[in-house]
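Asks: Below is a structure I'd like to ask you about.
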Amino acid sequence: MASLKTSLSERYTAVAILLHWLIAAGILALIVIGLLMTQFQSTIGPMETFSLFQLHKSIGITVLLLAVIRILWRFTHKPPSLPADMPPVEKGAAHGLHWLLYVLMLGLPLTGWAVVSSSPFNLPTVLYHLVPWPDLPILPHLANKGAVSHVLGWVHAYGAWTLIGLLVVHFAAVFRHQVIKRDNILARMVPGMKLGGRRQ
Ligand code: HEM
């Protein structure tokens, strides 16, 4: 019981919490903007679609940089352990899900960047209209870059749908902990929220 109490009364570091919520907000914005600019182009018009693409690229590269910092932080700062009474299979599932989220947090911005770098339109990327951002190497010079960009766009879109699915599972797990198990595990990631669950 002592270790259960300890793990549930330990918070993530302030840096890990800040990065978690910044990246979460960025990813939610990217999903909404990504769907608007690809699925609703005819409703929103060409100029607005163009602006949304630029915003999507800017937020996406920001998320890439934040995800790199977050992963470095994760490797150098041990997170609080999962509750001791959690069955090993659930712990395995939680770790597996978290690592898949890290993979997509890096993989999605990288494939998005690769789509833009291989695009036959050769549009420059200027983050937030301020910071010029380079293309990835090699891709802009490929002879068949239109086809490559198309395949990468497909990978990016299916990756995004996979991420949406994993986020639904992530929300469901948090909901289960808060409402069914009532161990208040969410407080470890929310600054100011009172730590400790019903069972303590
Ligand atoms: C975590 C980061 C990212 C997420 C969650 C994300 C999400 C999405 C989503 C949901 C779509 C629409 C998929 C569909 O067609 O149904 C999309 C499309 C797209 N994204 Fe991202 N994106 C991310 C990062 C980036 C970055 C960094 C760039 C470029 C620098 C980028 C460039 C694009 C482009 C060009 C498309 C259109 C692809 C196509 O239609 O071929 N994305 N993204």
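Just so it is clear, glycine is given a Cβ too, placed from its N, Cα and C backbone atoms.
Just so you know, TrEMBL annotations never went through curation; they're auto-generated.
Look at TrEMBL and you will find 11-192 tagged as domain 'Cytochrome b561 bacterial/Ni-hydrogenase'. According to TrEMBL, the feature transmembrane segment maps to 12-38, 58-76, 97-116, 155-175.
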Asks: Tell me, roughly as an integer, the mean pLDDT over the domain 'Cytochrome b561 bacterial/Ni-hydrogenase' (11-192).
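Replies: Here the mean pLDDT over the domain 'Cytochrome b561 bacterial/Ni-hydrogenase' (11-192) amounts to 96.
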Asks: When you scan the chain for residues with a C-beta under 8 Å from the transmembrane segment (58-76), skipping those not six or more beyond its ends, what do you find?
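Replies: Same-chain residues near the transmembrane segment (58-76) but 6 or more away: 13, 15-16, 19-20, 22-23, 26-27, 29-30, 33, 102, 105-106, 108-110, 112-113, 125, 127-128, 133.
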Asks: Restricting to the same chain and to residues at least six past its boundaries, which positions have a Cβ under 8 Å from a Cβ of the transmembrane segment (97-116)?
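Replies: Sequence-distant neighbours of the transmembrane segment (97-116): 23, 27, 30, 56-57, 60-61, 63-64, 67-68, 70-71, 74, 123, 125, 135-136, 139, 149, 152-153, 155-156, 159-160, 162-163, 166-167, 169-170, 173.
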